[in-house]
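Everything below concerns the one structure shown next.
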């Protein structure tokens, strides 16, 4: 896929899954990602905050092989060097990470660059700086980070969906139980962490979420 085709996945009804071994109830990131991909997910973000860099490298190499096998995107959280070394599809950076312009200069134009945003001002700044997509949230309370950001609610998400030209990935506390609230606003690409990785049956849970997304895409649900 070229970059334009990759970005289409972020614009469409897709599940965007993030790794989080800490919440994977004893399962390794590799095994979790394999199940997620087998279930049909096309976007994986490798997010691992606590492991040594060498361990992250060996892990992300294996995940890159898996995503290539399943023709899925691999986005690496934070690490520009890992992104480039393993030839991932892109990087996702936070508000306190490298500036977008630095990431663009280091990686080049063929890599996708996503940015975490929490406010309208940050969203507009992401547009000005040339982000390829934004992650907007946390929509609901989320505790996967050591210092979680307060939930921003659905109002900003509603505004972004109606006013932003680049893909908006909704993230933060999204579950099977509240996903319809997000999709009814017009959101398409939905990020999930613990709802997937903490599920006793990752494959089954992932298929359920994909089925819901396909229902909206095919008009089964009226937004």
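The backbone N, Cα and C atoms fix where each Cβ goes, and this holds for glycine too.
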Among 104, 129, 145, 147 - the residue Swiss-Prot places in the same 4-amino-2-methyl-5-(diphosphooxymethyl)pyrimidine site as 45, 46, 47, 48, 49, 77, 116: 145
All-chain count of other Cβ atoms within 10 Å of residue 49 (4-amino-2-methyl-5-(diphosphooxymethyl)pyrimidine binding site): 13
Inter-residue Cα distance where the pair is residue 97 (Mg(2+) binding site) and residue 77 (4-amino-2-methyl-5-(diphosphooxymethyl)pyrimidine binding site), in Å: 10
Pairwise CA distance, residue 46 (4-amino-2-methyl-5-(diphosphooxymethyl)pyrimidine binding site) versus residue 97 (Mg(2+) binding site), rounded so that it is a whole Å: 16
